[in-house]
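K.L.:
Here it is, the structure, as structure tokens.
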Amino acid sequence: MAEVVLKSVEKQYPNGFKAVHGIDLEIKDGEFMVFVGPSGCAKSTTLRMVAGLEDITGGEIWIGDKCVNEVQPKDRGIAMVFQNYALYPHMTAYNNMAFGLQMSKTPKNIIDQRVREAAKHLEIEDLLDRKPKEMSGGQRQRVALGRALVRKPDVFLFDEPLSNLDAKLRVSMRVRIQELHEMLKAEGVPATMIYVTHDQVEAMTMGDRITVLNAGRIMQVDTPMNLYRKPENLFVAGFIGAPSMNLVDGEIVEMGGKVFVSIPGGVLPLPEEKAEKVRSHVGKKIKFGLRPEDIIANEVHEGGEGFVTGSVRVVEQMGNEEFIYFNAAGTQFIARVNPEQVKNIRKGEDYRFWFNLAKCHMFDLETEENLTL
Amino acid sequence: MKGKKYEGLLYITPWLIGLVVFTAFPFFASLFFSFTDYNLMSSPNFVGIDNYKTMFQTELFWKSFGITMSYVFITVPMKLAFALFIAYILNFKLKAVNFFRTAYYMPSILGGSVAVAVLWRFLFADTGLVNMILALFGVDSISWLGNPDYAIFTISLLRVWQFGSPMVIFLAALKNVPESLYEAARIDGASKVKTFIRVTLPMITPVLFFNFIMQLVQAFQEFNGPYIITGGGPLNSTYLFPLYIYDNAFRYFRMGYSSALSWFLFVVIMVFTLLAFKSEKHWVHYTEVE
Ligand SMILES: Nc1ncnc2c1ncn2[C@@H]1O[C@H](COP(=O)(O)OP(=O)(O)OP(=O)(O)O)[C@@H](O)[C@H]1O
Ligand SMILES: [Mg+2]
């Protein structure tokens, strides 16, 4: 049971490269926090600083009521699960799990009890005598999880633990980790979990909150839903969501007291609520953003204004939904539609696409901040 | 296709000739001679297993064999430990690590040469450099080569000093131990020593095994060092088995007897190697490294 607090944490590697530029973050006790961001954005670096595997070159990290800057990894009350499992290849699953407890001179019977308990939770009781090379990737990762579990840590640290597994296994392990989190909570020993991933689905489904990182800086910390609906800046808008948000160049214009946004393929009237937010930007260029599901294809919408005419390039049928890639004035958009509602969209033809502007986002070009929040 | 086949054979001919002339032929010839009284002058007469019988009844044979065994059991563990220790240190991210690697490897290149054995003799002479340095610390001069109790140790030291090649192999193995295992061990709270014993050492057992066999085989055959430095003395205290073989062959011209000795040594090395391979499954961990 511990909250994890990062205060202006910085990391400069010995070669002079500055990977982390002052991170402030409060992770609540028992929270499931996900770090997400593109490759090289310092997710691992940040996690490893919490673990104590990397020195901190600026700021402070607090776990519980202790500043852990100078505390050894073993004394931080953490456990870590690595991407490549990092199991000791010459030890059995049992010994892999027991090793840490042996090092802290835990009595044998307690070690045995804890290992078997963890093995039961993770359904690896049959594997305890096997060595890592005699196990599948998923089994190895469960043993690695077991190794973390037996330490009864306050904080679990995961560094892309599932990315070496195939898609199906990944889903089941994801659920297993979430169940573990719930189980510990139910048992009255909630554990804080910090989970690094570059997989959107993992981030969105697992996190109580998500920290979006880019180039060693925090872009936004929020719940999955808020990140999706209210991205604070251009980066988060483009990063969260798959397929990603349509982001095109636009300009705010005022005609006859009404505010419009001019984008490739059309000049669209903004609803009052949005207009208010961007009135100060009239005459300025902005980035216009709209999620694919907020573009409505031809048939369902009758008349009115606020549409773009585009020619359909590709239709991707996913079964439960369709992605329509279309071109308007040389700019590509993507719409996500329900195949029940939109039946006969054909490649190569022109259609009207209505933009649900109540859901649109507009970003300042310089600060990249969302003007419409 | 057929032409290609012969062409291939052509390429390996030099090696093939070497193998036949310098390895295979002497190998079988010595087996044959070991059952004869061949003495280089007259043609060999078949004497059955007389040579082998004589051998086991000769006191010097047993003495020499005993010295070889103690030499092997002093030298091999010491050399491996030393090589591993230096490799472990060189594996740290030190500055100028390349310089040290070269420096430590040098003795292995020089070590086999006669010149260095001669140098060794001077270093450890009664008035040699080693004693001079010890004198600086007020230690009385030690008769490194004159005292039968120390001489074998001094000879061993020459071998141990040539730890370069096992060291380089250890170093490569140490580099192959994944960093994440050390990180896992740090989180598990293992001390440096515990990490070395419980993680590093098991991880490099395949290479430890390889080095052990190589050193074992070499140590049993050591000749140059004792021949040049002590000539087997004092009081035969460094009279290693290969010296005994050499003396019989080239001083007394007892080729038949000396062949039998060689075959005895061969069998001994064979037995130890087989024992090592038998023990392998109990302590050598072959692991895939991700
Ligand atoms: N030991 C190091 N020395 C110097 N630079 C490093 C070191 N380790 C990482 N970096 C750099 O720091 C930055 C952040 O690396 P980090 O491994 O934290 O990224 P990441 O977000 O985990 O990426 P990925 O998703 O690819 O794992 C990268 O630009 C990387 O090149
Ligand atoms: Mg990483």
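Any Cβ shown, glycine's included, is placed from N, Cα and C.
It should be emphasised that the depicted structure is a prediction, and the values quoted were computed from it without experimental measurement.
Per TrEMBL, the feature domain 'ABC transmembrane type-1' maps to B:65-276. Residues annotated as transmembrane segment in TrEMBL: B:12-35, B:65-90, B:102-123, B:150-174, B:195-214, B:226-245, B:257-277.
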K.L.:
Okay, the transmembrane segment (B:226-245) and the transmembrane segment (B:102-123): do they have at least three CB pairs under 8 Å, pairs separated by 6 or more?
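P.N.:
In this chain the transmembrane segment (B:102-123) contacts the transmembrane segment (B:226-245) - 3 or more Cβ pairs sit under 8 Å.
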K.L.:
When each of B:65-90, B:150-174, B:195-214, B:226-245 is checked against the transmembrane segment (B:257-277) for Cβ pairs under 8 Å, which one has the most?
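P.N.:
The stretch I would name here is B:226-245.
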K.L.:
Is the number of Cβ-Cβ pairs under 8 Å between the transmembrane segment (B:195-214) and the transmembrane segment (B:150-174) three or more, considering only pairs separated by 6 or more positions?
P.N.:
yes
K.L.:
Can you name the far-off residues of the same chain, 6+ from the ends of the transmembrane segment (B:12-35), with a Cβ under 8 Å from a Cβ of it?
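P.N.:
Apart from its flanks, the transmembrane segment (B:12-35) reaches 44, 46-49, 51-52, 255-256, 259-260, 262-263.
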K.L.:
Quickly jot the same-chain residues contacting the transmembrane segment (B:226-245) by Cβ under 8 Å, restricted to those at least six beyond its ends, or write none.
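P.N.:
That would be 60-61, 63-65, 67-68, 71, 114, 117-118, 120-121, 124, 145-149, 151-152, 154-155, 158, 220, 258, 261-262, 265.
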K.L.:
Would you mind listing the long-range same-chain contacts of the transmembrane segment (B:150-174), meaning Cβ under 8 Å and 6+ residues beyond its ends?
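P.N.:
Distant Cβ neighbours of the transmembrane segment (B:150-174) are 67, 70-71, 74-75, 78-80, 82-84, 86-88, 90-91, 101, 104-109, 111-112, 116-117, 120, 124, 142-144, 200, 203-204, 206-208, 210-211, 214-215, 219, 222, 225-226, 229-230, 233-234, 237-238, 240.
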